[in-house]
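Colleague: Handing you a structure now.
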Amino acid sequence: MWPSANLMLLVLAAFPTWSAESSHLDARQSWTSSYWSQEFSKYGCRPVIFIFARATIEPGNMGNTVGPRISNALKAAFGVTYVATEGVDYLSLPDTNFFPGGAPPFGVGLMQVLLSAAAKCPNSKIVASGYSQGAALTHRAIQGLSDPVKDRIAGVVTFGDTQTWQDGGQIRGFDANKTLIICNIGDLVCIGTLYVMPVHLDYVKWVPTAVAWLIQKLLYADEINPWWDGTFSLPPPPGSPRTDLQLANTDDCVVPPTRQ
Ligand SMILES: *[C@@H]1O[C@H](CO)[C@@H](O)[C@H](O)[C@H]1NC(C)=O
């Protein structure tokens, strides 16, 4: 099924308004007060970069379920200023599930832009996640990335993933060891349909599992390509000065000094 011409007009008409509404949340985001996060585009490279694609009709660019909670948990683990969270600001309407591949091309392109930009940060560890339609977006975005960019992604978790069955329980062309697809038993979107049952709305309980897995992947990525001053650790060393984090308002990523 293809989206109607009316939907396409709606997409074009709605986008400028939506992007103008973006607000910024710095440090630890409170999901009760806002559903937006644009810390990577605002602050540039940080040791951990987390790119998230929300589910259909979730608010803001982060949604109000798994996205903000993963972000908060990563910040609790690594330190608030060690994590740059960015939501993919795409139009997640019910109808946009019906684009080929399960997500609208504009959103796929935007997630690719974010991931490619993150990959230009020399030692940052990149993780990504998506929920429902956002999971489909994540499949399509990562699948289309170049190998060097894919290699820079430490781990990807999807929830209630509408492309689970279509893509054979993986993200095509991406390392299965860096992929975790979380589907509740009985979630029919994971077996090739778009029937939304109550279990499809019950993924917050998996956030601790997802975060523990992402942390494992982040630390593993740091073993291979260590953060430049050796401070990438869990938890962050108490009282460490974090002088490497003064990266505000950089369009291009700041290249850190050579490791001593
Ligand atoms: C898979 O990832 C884990 C870290 O999470 C690592 O220890 C292991 O060596 C990886 N396996 C392969 C085959 O790359």
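Glycine residues also receive a Cβ, built from the backbone N, Cα and C atoms like all the rest.
Below, the features straight out of TrEMBL:
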type	residues	note
SIGNAL	1-22	signal peptide
DISULFID	CYS45-CYS121	disulfide bond
ACT_SITE	SER132	active site, nucleophile
DISULFID	CYS183-CYS190	disulfide bond
ACT_SITE	ASP187	active site
ACT_SITE	HIS200	active site, proton donor/acceptor
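Just tell me what is around each of these and how deep it sits.
Modeller: Secondary structure at CYS121 (disulfide bond), as computed by DSSP, is coil. With a 10 A radius on its CB, CYS121 (disulfide bond) counts 23 other CB atoms from all the protein chains.
The number of other Cβ atoms within 10 Å of the Cβ belonging to SER132 (active site, nucleophile), over all protein chains shown, comes to 32.
Classification of CYS190 (disulfide bond) by DSSP places it within a helix. For CYS190 (disulfide bond), the same-chain residues lying six or more positions away in sequence with a CB closer than 8 A to its CB are GLY160, ASP161, THR162, THR164, TRP165, ILE181, CYS183, ASN184.
Cβ environment of ASP187 (active site): GLY160, MET197, VAL199, HIS200 lie under 8 Å away, each six or more residues apart in the same chain.
In the structure as shown, the Cβ atom of HIS200 (active site, proton donor/acceptor) sits within 10 Å of 22 other Cβ atoms.
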Colleague: What whole-number Å value do you get for the CA-CA distance of CYS121 (disulfide bond) and SER132 (active site, nucleophile)?
Modeller: 28
